[in-house]
Structure formats: C-alpha cells, structure tokens
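S.K.: As listed in TrEMBL for this protein:
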- 85, 86, 87, 137: substrate binding site (BINDING)
- 122, 124, 134, 191, 203, 207, 209: 2-oxoglutarate binding site (BINDING)
- 12-23: compositional bias 'Polar residues' (COMPBIAS)
- 115-212: domain 'Fe2OG dioxygenase' (DOMAIN)
- 1-27: region 'Disordered' (REGION)
Ligand SMILES: O=C(O)CCC(=O)C(=O)O
Ligand SMILES: [Fe+2]
C-alpha cells in the first residue's frame, strides 16, 4: 500500500456543532450530538479508503423478529485484545487494528479524549444497503462513554429518532464528517441509515466505541 506521509494531526477549525441537523419537528428536542464537517483531510480519507480495500469484511446472518437475514451491508470489528463484541446476537472476535484505523483512534483520543478500544466498520456498497433503527446500547459498552462515527465515501442521510416521542432529525453525512454521539444518547434515541436508491457509490462508516475489556470472558466465568 502507498504510504501517506502525514500524522493525523489535530484539525483546524473543528467548530460546526449541530449546524446541519435538520429539525423536522416543532419543538427543540435535540439529541446530544456534535457534528464536525470535514474532520478528516482528503489525504486522511484516501489513506483510510485505500486501507479499507483490504479489510476482511463479511455479511453475517442475524436473527430479526425470529427470522434469519443476511445484513444489508458488510462489516468488520477491530479492537484491543479482550474487546470482543456481541452485536445483534452475533459474537464478533476483535481483529487487530490496521494502521490507519489505529491512527484515527489515536487522533480521536487527542482531539476528544475518547477512550475507544474498538471500531465497527460498516460498508454500504450503494444506496440499496442500509442499517435499521437501533441504539448502540450493548451491555459491554462502557457506561458514560461517547460513540464517534466517521464517514467516508458517498453522502448518505442519517436519521436520529427519540424513543418515546418519535421526534426525528435527519443529517446528511458527507465524506470526512465526524458525528459525536454523546452519552446518554443511546438510552433515549435510536438511529438508522435509510436506503437511498439514487446513491450509486459505496460509503464506509467507522463507529469507535469504548468496551469493557474482557466483558465476555467475565460473563463466561459467572
Ligand atoms: O453507518 C452509519 O452511519 C451508522 C452505523 C451504526 O449505527 C452502527 O454501526 O451502529
Ligand atoms: Fe449504531
């Protein structure tokens, strides 16, 4: 792979906050998020996209309402040792961090103090691929931790909906954008990535998460 001589330095002007969140309701109920447009430079985006060409993505089959379905996207989980993830009833062993995903994790630590020890990478081949409504509220996610989502490739709409009022907002996420989902968003809000048939290009999304190390080993012992 080509080497990109840059150090994932802290960005200039990480100022935009909630600006492009389109409020579709009458009231001002807003999820605890921060949106940073253009968080990654073009060079950083290229490095990650090129690296991702070699990621061992798979399309696991999960149970939804009692029926088995192949997920409408492909994914891979990278993380520290002991940071395995049980996601939609699926046990995923952490694979070792690739170089640029690791550099991005370290940059998020510098810029936000984020203690992520794993990242779920989702790839949506085109607008026909999607993710349904859910919260990232698995028990192994460390209490009080934020989740950071970084988008590469195609622009896609991202929905956030309040669990009880169903108040919904839509954010158009573009390549290089970062969405910080702050604790306790996952308790009160769900999110989804709807299908968009006009989108022909692939999109990659990295969600960095802080897991309780050895959570599953602990459970097995109990
Ligand atoms: O692709 C996205 O923007 C959303 C990904 C997501 O919600 C997840 O991985 O849990
Ligand atoms: Fe999610």
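Using N, Cα and C of the backbone, Cβ positions are placed for all residues, glycine too.
Describe each of these features in terms of where it is and what it packs against.
M.R.: Taking Cβ-Cβ distances under 8 Å and a sequence separation of 6 or more, the neighbours of residue 85 (substrate binding site) in its chain are 77, 79, 91, 92, 94, 118, 120, 138, 140, 209, 211.
Of all Cβ atoms in the shown protein chains, 24 besides its own fall within 10 Å of the Cβ of residue 124 (2-oxoglutarate binding site).
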S.K.: From the binding-site residues listed here (85, 122, 124, 207), select those whose CB sits under 6 A from an atom of ligand 1.
M.R.: 122, 207
S.K.: Give me the DSSP three-state residue breakdown of the domain 'Fe2OG dioxygenase' (115-212), ordered helix, strand, coil.
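M.R.: So the domain 'Fe2OG dioxygenase' (115-212) is made up of 4 helix, 49 strand, 45 coil.
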S.K.: Which one is closest to residue 191 (2-oxoglutarate binding site) in space, judged by CA to CA distance, out of the binding-site residues 86, 87, 137?
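M.R.: Smallest Cα separation from residue 191 (2-oxoglutarate binding site) among 86, 87, 137: 137.
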S.K.: Under 8 Å between C-beta atoms and at least six apart in sequence, can you list the same-chain neighbours of residue 86 (substrate binding site), or say none if there are none?
M.R.: 92, 138, 140, 216
